[in-house]
Amino acid sequence: MNQVDYLRISLIDRCNFRCQYCMPEGVELDYILKQQLLTNEELLTLIREVFIPVGFNRFRLTGGEPLLRPRVVDLVSAIATLPQTQDLSMTTNGFLLAPMAQNLYNAGLRRINISLDSLDADTFDQIIGNQGRSRWQQVWHGIQAAHSVGFDPLKLNVVVIPGVNDHEILDLAALTIDKQWHVRFIEFMPIGNVDLFGDRGWVSSAELRQQIRDRWGLTESQVRGAGPADVFKIPGAKGTLGFISQMSECFCDRCNRMRLSADGWLRPCLLNETGQIDLKTALRSGTSTAQLQEQVRHLLRMKPEINFKGRDSGIVGTYTRTMSQIGG
């Protein structure tokens with residue numbers, strides 16, 4: 001198993017979208033109250049005095065939608081300037097990004113992933129649960145702003161939903177030809193909206209790669225990320241194509257991450273809540289950071305056994321939160 005040195009940090013569970021694959025349709029979510037969220041000071045204490053000492057040095061800020069977090073630019077700056085931070089990135093839906101991109105870059109953020117599940121405005125609005133004025137154009141402006149500012153790599157995340165956006169695979173892949181953008185196709189998975197998954201199912205990465213291979217050809221890329229994506233390239237393209245195959249190919253043995261929820265729960269596996277630790281309550285009750293370090297070390301030792309490997313047998317993992325509440 002890889003060294004676990006990568007922490008995904010959910011800054012907030014609220015989101016200004018309601019994506020089909022992330023939140024169950026028609027279900028009211030119990031959002032975390034403000035006083036239950038980790039404060040910036042608590043989060044920085046945990047990063048400096050717990051996570052870094054046990055070996056974490058790469059951090060990704062997620063949500064909900066992380067740009068809804070008050071003082072998010074200040075938080076980015078504080079994490080980026082820690083001498084032990086080797087990598088700081090963010091995943092966003094891009095809706096609020098355009099006016100914030102330069103400030104985020106100036107604060108030290110260099111890598112960004114933006115969700116772009118469709119190039120068609122109507123399909124996009126259907127996926128994000130938008131009922132009013134289309135939000136596609138504002139997200140596209142956010143992507144263009146991130147590109148202009150200099151974020152590199154700039155990655156576009158696509159969750160492939162059968163019968164909804166799977167007909168756009170070639171159009172989305174073509175974005176990598178003329179720009180140094182990295183499009184990542186993510187297999188739809190049964191967390192966040194189990195009913196939709198049951199209705200729609202999923203398309204394997206192998207099928208997507210074959211579509212692209214038949215159109216342009218496809219080669220393995222020399223660019224290799226630190227995450228679970230298998231990276232390929234259209235011959236002659238400036239960017240790359242990543243395939244995250246959590247349904248068709250179990251990559252538990254290469255998992256290098258844990259997840260910290262906005263209310264302070266440290267979770268060892270996306271698909272399994274077993275073993276998770278309530279760091280916020282412990283910190284607020286006076287538990288020393290040395291004791292918290294030991295708890296995290298124990299969870300790190302347990303992680304290979306906790307990583308969920310039951311998909312092949314059709315077993316569903318143990319989880320009670322939606323994808324938006326976990327942070328993806």
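Glycine is no exception: its Cβ is also placed from the backbone N, Cα and C atoms.
According to Swiss-Prot:
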DOMAIN    1-229  domain 'Radical SAM core'
BINDING   Arg8, Arg60, Thr91, Lys155, Arg257, Met258, Arg259  GTP binding site
BINDING   Cys15, Cys19, Cys22  [4Fe-4S] cluster 1 binding site
BINDING   Tyr21, Gly64, Ser115, Met189  S-adenosyl-L-methionine binding site
BINDING   Cys252, Cys255, Cys269  [4Fe-4S] cluster 2 binding site
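Location within the structure of each feature annotated in Swiss-Prot.
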{"residue": "Cys15", "record": "[4Fe-4S] cluster 1 binding site", "DSSP (3 states)": "coil"}
{"residue": "Tyr21", "record": "S-adenosyl-L-methionine binding site", "DSSP (3 states)": "coil"}
{"residue": "Thr91", "record": "GTP binding site", "DSSP (3 states)": "strand"}
{"residue": "Ser115", "record": "S-adenosyl-L-methionine binding site", "DSSP (3 states)": "strand"}
{"residue": "Cys252", "record": "[4Fe-4S] cluster 2 binding site", "DSSP (3 states)": "helix"}
{"residue": "Met258", "record": "GTP binding site", "DSSP (3 states)": "strand"}
In Å, rounded, how far does the Cα of Met189 (S-adenosyl-L-methionine binding site) sit from the Cα of Cys252 ([4Fe-4S] cluster 2 binding site)?
15
Going along the chain, which residues six or more apart from Arg257 (GTP binding site) have their CB under 8 A from its CB?
Val4, Tyr6, Leu7, Arg8, Gly227
Listing them in sequence order, which of the binding-site residues Arg60, Gly64, Ser115, Cys252, Cys255, Met258 have their Cα within 10 Å of that of Cys15 ([4Fe-4S] cluster 1 binding site)?
Gly64
Among Cys19, Arg60, Gly64, Ser115, Met258, these being the binding-site residues, pick the one whose CA is nearest to that of Cys269 ([4Fe-4S] cluster 2 binding site).
Met258
Between Cys252 ([4Fe-4S] cluster 2 binding site) and Met258 (GTP binding site): CA-CA distance (Å):
12
Let me know the model's mean pLDDT on the domain 'Radical SAM core' (1-229).
92
Give me the CA-CA distance between Cys252 ([4Fe-4S] cluster 2 binding site) and Gly64 (S-adenosyl-L-methionine binding site), in Å, as a whole number.
24
Cys15, Cys252: which of these binding-site residues has the highest Cβ count within 10 Å of its own Cβ?
Cys15
When DSSP states are folded down to helix, strand and coil, where does Gly64 (S-adenosyl-L-methionine binding site) land?
coil
What binding-site residues among Cys19, Tyr21, Cys22, Ser115, Cys255 are found with a C-alpha within 10 angstroms of that of Thr91 (GTP binding site)?
Ser115
